[in-house]
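Colleague: This structure is in structure tokens; I'll ask about it shortly.
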Amino acid sequence: VHLTGEEKSAVAALWSKVNVDEVGGEALGRLLVVYPWTQRFFESFGALSSPDAVMGNPKVKAHGKKVLGAFSDGLAHLDNLKGTFAQLSELHCDKLHVDPENFRLLGNVLVCVLARNFGKEFTPRVQAAFQKVVAGVATALAHKYH
């Protein structure tokens, strides 16, 4: 991902304030609610029958935290996202057979959650930088599919 120095600083500054536990659970939960077909990859998580069930599901929250932990690793290696996410790309492609479009959807949901959580601090300029990052992460995660 090509970010200017200013964009990298904006992303790092905002991300340093993110509560990975909460934001991860909310982002994954929203993905499962807004795009219900993504739930098929999480059948072992139990109750996903309603938005409240999804958003309150401890397994969704735990996996969301794990997802954002990996995203945090990516932020530390913006110049090598493909390498950073190579193993996760292989896992999601070869073993889990996740539709790579889901990575893009999750990135966009994450941007929505950040906007909701940070309000005016999540300026259009910050959003533009994050959109580049989530697009780069989605591309890196989809790499094994090509």
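Just so you know, glycine gets a Cβ as well, placed from its N, Cα and C.
Per Swiss-Prot, the features are:
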BINDING   His63, His92  heme b binding site
DOMAIN    2-146  domain 'Globin'
MOD_RES   Ser50  phosphoserine
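Situate these features within the shown structure.
Modeller: When Cβ atoms from all protein chains are considered, those within 10 Å of His63 (heme b binding site) total 17, not counting its own.
Taken residue by residue with DSSP, Ser50 (phosphoserine) is part of neither helix nor strand, so it is coil. Spatially close to Ser50 (phosphoserine) yet at least six residues away along the chain is no residue at all, judged by Cβ distances under 8 angstroms.
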Colleague: Going by DSSP assignments with H, G and I as helix and E and B as strand, what are the residue counts for the domain 'Globin' (2-146)?
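Modeller: Summed over the domain 'Globin' (2-146), the classes give 119 helix, 0 strand, 26 coil.
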Colleague: For the domain 'Globin' (2-146), would you mind checking the mean pLDDT of the predicted model?
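Modeller: Taking every residue in the domain 'Globin' (2-146) and averaging pLDDT yields 87.
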